4 protein chains.
Amino acid sequence: MPGSTYGKCFKITTWGESHGKAIGVVIDGCPAGLTLCEEDIQIFLDRRKPGQNKYSTPRKEADQVDILSGIFEGKTTGTPISCIVYNKTARSQDYSQIASYYRPGHADYTFDAKYGFRDYRGGGRTSGRETIGRVAAGAIASKILNELGIRLCAYTRAIGPVEITHLDLDEIPKNPLYMPDFQAAEQAQKYLDEKLAEHNSAGGIIECCITGLFPGIGEPVFDKLDARLAQAILSIGAVKGFEIGDGFHAARLSGSENNDSFYADNGQIKKRTNHSGGVLGGLSDGSPIIFRAAVKPTPSIARNQQTVSKNMENIQINIKGRHDPVIVPRAVVVVESMAALTVLDLLLENMSARMDGIKRYYQSFNELPEFSC
Amino acid sequence: MPGSTYGKCFKITTWGESHGKAIGVVIDGCPAGLTLCEEDIQIFLDRRKPGQNKYSTPRKEADQVDILSGIFEGKTTGTPISCIVYNKTARSQDYSQIASYYRPGHADYTFDAKYGFRDYRGGGRTSGRETIGRVAAGAIASKILNELGIRLCAYTRAIGPVEITHLDLDEIPKNPLYMPDFQAAEQAQKYLDEKLAEHNSAGGIIECCITGLFPGIGEPVFDKLDARLAQAILSIGAVKGFEIGDGFHAARLSGSENNDSFYADNGQIKKRTNHSGGVLGGLSDGSPIIFRAAVKPTPSIARNQQTVSKNMENIQINIKGRHDPVIVPRAVVVVESMAALTVLDLLLENMSARMDGIKRYYQSFNELPEFSC
Amino acid sequence: MPGSTYGKCFKITTWGESHGKAIGVVIDGCPAGLTLCEEDIQIFLDRRKPGQNKYSTPRKEADQVDILSGIFEGKTTGTPISCIVYNKTARSQDYSQIASYYRPGHADYTFDAKYGFRDYRGGGRTSGRETIGRVAAGAIASKILNELGIRLCAYTRAIGPVEITHLDLDEIPKNPLYMPDFQAAEQAQKYLDEKLAEHNSAGGIIECCITGLFPGIGEPVFDKLDARLAQAILSIGAVKGFEIGDGFHAARLSGSENNDSFYADNGQIKKRTNHSGGVLGGLSDGSPIIFRAAVKPTPSIARNQQTVSKNMENIQINIKGRHDPVIVPRAVVVVESMAALTVLDLLLENMSARMDGIKRYYQSFNELPEFSC
Amino acid sequence: MPGSTYGKCFKITTWGESHGKAIGVVIDGCPAGLTLCEEDIQIFLDRRKPGQNKYSTPRKEADQVDILSGIFEGKTTGTPISCIVYNKTARSQDYSQIASYYRPGHADYTFDAKYGFRDYRGGGRTSGRETIGRVAAGAIASKILNELGIRLCAYTRAIGPVEITHLDLDEIPKNPLYMPDFQAAEQAQKYLDEKLAEHNSAGGIIECCITGLFPGIGEPVFDKLDARLAQAILSIGAVKGFEIGDGFHAARLSGSENNDSFYADNGQIKKRTNHSGGVLGGLSDGSPIIFRAAVKPTPSIARNQQTVSKNMENIQINIKGRHDPVIVPRAVVVVESMAALTVLDLLLENMSARMDGIKRYYQSFNELPEFSC
């Protein structure tokens with residue numbers, strides 16, 4: 001069954017393979033009247049563009065986006081927005097060897113098991129390039145959220161064992177690892193240099209913070225805000241864990257330690273702490289949403305590995321091709337995009353939650369010329 | 001928008017509040033021809049039934065299930081199966097006080113923010129009793145999976161800081177905490193006794209293992225097996241984190257440490273390790289699926305807490321009513337049920353993945369009396 | 001796959017068989033804050049209740065509805081509303097014979113072909129009693145629409161060859177056939193009396209008119225208002241055709257005859273005619289929505305018919321049991337209910353169509369106590 | 001909310017405007033292993049290509065399709081198939097005038113009402129060119145159905161008042177109106193020539209027949225085969241009615257006339273008549289599916305019409321641009337495509353209907369190399 005569609009109100013469908021002609025996304029359900037141009041999307045795509053430093057794949061791709069529909073005179077029309085990025089430097093010959101065996105840590109075997117065969121060139125559909133569509137859509141979602149006063153900020157919390165010790169948001173774009181901590185970024189680069197020297201790879205942790213979100217967003221019981229975020233984040237290749245607020249640490253706390261006290265401050269409700277990560281009962285509680293994603297080390301490593309060929313022989317391989325020694329920095333914008341898509345979707349879903357809201361919404365129709373026949 | 005439905009092929013819709021007349025679930029898409037009776041479901045419900053020991057709420061409920069539709073002569077007919085459990089010992093008066101303030105760690109404030117008001121009796125829809133519907137449906141999903149040779153086993157991995165050190169599956173049903181480790185269970189009970197004495201509560205970690213699952217189950221890219229499991233598990237109240245395989249630990253490993261080598265053994269493909277937790281590229285890889293859920297401590301504690309009343313006054317409260325000092329043991333079967341629902345759903349979704357499979361499936365129609373007009 | 005769910009925002013799931021314990025519906029996505037009680041639903045159910053005159057089945061059922069969840073202190077809470085109606089006078093023994101053969105015009109053969117066997121008692125899931133759930137949900141949808149100034153009115157347009165010649169809405173509840181034309185109702189009853197005497201049955205046409213609907217409701221391109229109405233209406237058993245506005249007659253007109261001219265009247269846009277039936281490009285155009293459903297004659301007739309037994313013998317049957325000689329009058333409220341469900345669903349879907357609407361909606365959140373952490 | 005997606009298992013999303021850069025479709029859920037190339041799709045697109053004779057718009061478009069993803073080495077891979085057709089001869093200037101007023105019979109007013117403004121060039125998203133995506137997807141669906149022995153055949157049943165009197169399938173591609181009756185086609189052309197001379201337009205009726213479909217396809221109760229077909233067909237612009245089998249005529253028949261008798265013939269079940277149109281209880285009954293669509297006359301006519309301008313003035317217009325005097329012939333392949341998409345989708349949905357089918361399907365996994373860890 002289809003799995004390339006995400007969202008109910010703001011629905012995206014991604015398509016494309018690493019070494020096919022192009023990669024793209026169709027966004028259906030984007031509200032009409034949003035000012036939008038390619039540059040709005042390009043800014044996001046540039047954050048995940050490869051080849052920008054030694055910690056990402058040397059494959060050079062401009063990843064220039066073209067909008068093919070859904071915009072008229074600079075504004076969204078409410079009809080599907082089709083975005084396309086052409087693959088310019090596909091070098092399929094690099095991958096011909098992969099066809100014959102199953103790379104450890106990759107989806108080669110599982111795709112063969114499911115579909116009978118696979119487009120093995122650069123990982124085909126399982127390539128990180130699939131996320132181009134997500135990021136293009138996430139850029140649009142983020143723009144809408146910004147207009148509502150909601151902001152998202154994702155960054156690298158850890159690379160391998162190196163974790164940030166404080167949060168300096170200004171630092172994020174200044175280092176190639178998108179870490180909000182200058183010292184940690186330095187250490188992490190040293191750690192990565194070691195891994196590069198060993199022909200090895202690293203993982204890490206991405207954190208994302210969402211501010212300005214109204215309370216009450218999320219749909220009980222299966223479409224809780226945190227449940228949908230979890231699906232969104234785990235749907236990113238290489239993500240192996242998700243936690244919100246105190247997450248796994250909360251499992252060790254007592255109730256009196258973990259509960260966030262409410263208090264009133266000048267007629268406003270506030271919380272003294274945010275162990276919950278901004279979600280209570282699956283609904284946003286008005287405080288910042290904070291969640292983390294665990295990213296495994298890149299499975300493609302240029303050192304000898306044991307595996308099995310398609311005709312069931314035990315073999316030794318050494319993976320060639322262009323790969324990222326760590327995908328965490330480039331995945332930061334993917335995490336942020338998936339969060340934006342999720343929050344926007346639930347924000348739109350929430351609009352039919354209350355009779356008073358529905359009435360208020362449709363009363364505005366009185367402003368339209370009335371109609372009778 | 002609606003949020004009480006889960007699944008695409010095996011679709012469940014739960015309904016009911018803690019102190020309403022009844023709690024239930026409608027299962028649509030259950031394949032026809034499954035032998036099924038109330039007892040199959042009751043066995044699962046009894047695993048989450050309250051009041052069985054001092055570590056669960058003293059509220060006594062028989063939680064006796066009645067099947068109202070979808071079964072004929074002992075077999076499922078392919079039409080919706082409606083299951084109902086009547087609430088027998090609702091004591092709404094215990095909760096009248098809750099109406100006027102927001103309990104820390106609960107969804108009182110967020111429900112008011114979303115819907116304008118709430119059914120405050122025993123948490124209304126956010127009560128753990130909502131999971132009765134999930135467990136009833138999970139029992140049916142598990143029965144189907146068992147007929148296909150797939151087995152699920154969830155258990156308590158940790159209570160607060162007490163974690164198991166080994167896996168003794170026979171031990172699970174023998175202790176009230178469903179821990180697969182006798183010593184850890186003893187220690188955890190001591191820890192809980194302390195928390196009970198302090199009028200405090202505890203959290204913990206639930207682990208689930210799924211064996212016998214064919215490779216290739218899961219739908220790329222947004223409906224990956226692990227992504228859907230993550231949503232399913234985070235949709236359970238009080239769950240704050242999800243990880244599969246090595247999870248957050250994988251973020252600290254190098255590629256060479258984290259990759260699972262394939263090898264051929266008598267014409268079979270095997271993996272030497274299972275860091276992946278049985279999923280590669282979002283598809284099952286044929287090895288056991290292993291995931292964990294972090295559960296926060298019960299927010300209802302019978303000690304003084306600071307909070308805010310509905311009319312914005314800072315107040316001190318002390319929660320009465322019947323609560324679980326730890327919900328982990330009773331949540332074990334809920335986690336197992338949500339996993340069963342997810343795996344079964346993806347197993348059915350997978351049936352249309354390949355032309356050869358579709359052809360083989362419909363060739364069986366030749367056995368039917370042919371039809372012409 | 002599941003087929004018993006209808007709607008995206010206002011989602012209903014029906015369950016139950018003719019001779020099972022009960023029939024019901026779960027409504028998920030009903031906005032919070034609607035005043036609702038059983039009586040609101042009972043009024044609708046009474047319109048389809050059997051046994052009220054000689055033109056409907058003699059089976060006596062009170063069809064008393066009970067609401068099990070989703071209401072608190074007389075208002076909807078935003079959580080699922082579970083409605084149940086117990087089957088009181090199931091007489092399964094009447095149907096034991098049906099088990100062994102396939103009734104012409106019924107779904108006996110097709111259910112066996114799909115599911116391998118069937119609950120044959122009174123048609124099981126294919127019984128008209130399944131529509132109880134639709135009507136209960138339709139009553140709620142209609143109440144919401146009424147609060148927005150939208151009204152629906154369905155009636156019998158034709159019984160067999162007898163068609164109404166004018167529209168007298170007051171007449172509808174006065175005759176047992178729900179026809180808005182006294183003379184036609186008289187003639188139709190004579191026609192039905194003939195059919196009854198012949199142990200035969202009749203079909204007819206139901207028309208429905210919806211007024212007060214704002215322009216712009218419907219979702220291009222596959223979820224057009226008329227497309228969704230068509231699915232909703234054809235999903236009712238025995239309906240064989242759907243047309244909107246001039247429908248099949250429009251196929252014979254020229255463009256100049258069929259186009260509805262717009263004109264301005266005191267700053268309002270109006271149409272001089274309504275050939276379109278209130279829909280242009282799949283969106284409501286502000287004029288009344290008018291559509292028709294063709295209903296086939298009841299297939300159960302108490303006269304000899306040729307058919308085939310389960311073991312492939314040519315046999316002659318004569319159907320016993322309690323049946324309606326014409327289902328049109330009782331189907332009127334079912335058509336109206338399905339229309340209400342469809343229109344409400346699309347009305348809620350429409351709320352996220354425009355940036356200005358979304359902004360206006362969420363600006364109301366400023367009235368809530370602000371939140372920070 | 002999004003409306004440009006159709007199907008659950010074989011899911012298509014169309015995008016694009018008449019005068020935008022391109023038109024396209026993404027097909028997700030296409031089973032892997034289908035031999036597919038652009039030519040398979042082009043054959044279908046050529047059937048709806050404009051400018052082929054005087055009865056279609058003079059706009060010249062090659063409508064050449066390019067497949068951008070989802071195919072590898074000539075076979076579908078199971079991942080999304082993205083098809084694109086570039087708009088070559090967009091002449092937006094023809095339409096500049098349309099911006100300022102509302103054309104009768106068009107969606108100009110309703111799009112403005114819904115979205116606040118519209119892409120008015122050539123109808124924007126409401127143009128018949130949107131159906132390019134449907135036909136491209138329908139070509140793939142048809143190819144799959146053909147491999148299962150299922151065939152679809154749509155044709156023009158009537159143009160205005162001229163209806164076919166018999167069925168000569170060989171004749172269909174021989175006349176520009178796709179009518180299966182040489183004499184009727186001659187008469188219809190005369191009728192159209194008159195309409196052209198009057199600067200007027202015509203409507204008509206399209207009929208479609210599906211053979212080889214197994215019994216039991218369709219999902220009770222809301223996703224009945226005929227209900228889904230009705231939505232699919234009404235979602236095509238200009239369609240105002242749908243009927244299956246005897247349709248509206250059935251409403252006038254008695255039960256004894258309308259029931260189709262079953263009989264056994266050499267161990268096969270057959271029906272003596274097919275009033276039902278191949279559907280009983282919403283499931284295919286093994287006999288041919290026969291349905292009809294009523295198409296309204298083209299609303300764009302080059303004669304004076306009364307309407308309203310955007311600033312509420314009563315004006316007279318005369319529509320310029322390139323239009324079809326009748327859209328029926330070009331809509332034939334669109335109807336066939338939507339039917340193919342619907343039938344294929346329900347065929348895939350049906351695969352999880354029965355336990356024995358599921359078991360048989362997954363037993364084939366034993367042929368795969370077994371897996372353990």
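Positions of Cβ are set from backbone N, Cα and C atoms, glycine also.
Please treat TrEMBL annotations as automatic predictions, because they have not gone through curation.
What TrEMBL says about this one:
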BINDING   A:ARG48, A:LYS54  NADP(+) binding site
BINDING   A:ARG125, A:THR126, A:SER127, A:GLY281, A:LYS296, A:PRO297, A:THR298, A:PRO299, A:SER300, A:ARG322  FMN binding site
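Location within the structure of each feature annotated in TrEMBL.
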residue  : record               : DSSP class
A:ARG48  : NADP(+) binding site : helix
A:LYS54  : NADP(+) binding site : coil
A:ARG125 : FMN binding site     : helix
A:LYS296 : FMN binding site     : coil
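Each of the binding-site residues A:ARG48, A:LYS54, A:ARG125, A:LYS296 was scored by the number of other CB atoms within 10 A of its CB, and the lowest score belongs to A:LYS54. Taking A:ARG125, A:SER127, A:LYS296, A:THR298 as the binding-site residues under consideration, the smallest Cα distance to A:ARG48 (NADP(+) binding site) is found for A:SER127. Of all the binding-site residues listed here (A:SER127, A:THR298, A:SER300), it is A:SER127 whose C-beta has the fewest other C-beta atoms within 10 angstroms.
In sequence order, the binding-site residues near chain D (CB to CB under 8 A) are A:ARG125, out of A:ARG48, A:ARG125, A:SER127, A:LYS296, A:THR298, A:SER300. Proximity to chain B (CB-CB distance below 8 Å) holds for A:ARG125, A:LYS296, A:THR298 among the binding-site residues A:ARG48, A:ARG125, A:SER127, A:LYS296, A:THR298. For the pair A:LYS296 (FMN binding site) and A:LYS54 (NADP(+) binding site), the C-alpha distance works out to 19 angstrom. Here the C-alpha separation of A:SER300 (FMN binding site) and A:LYS54 (NADP(+) binding site) works out to 16 Å.
Here A:LYS54 (NADP(+) binding site) is positioned 15 angstrom away from A:THR298 (FMN binding site), judged by their C-alpha atoms. The separation of A:LYS54 (NADP(+) binding site) from A:SER127 (FMN binding site), Cα to Cα, is 19 Å.
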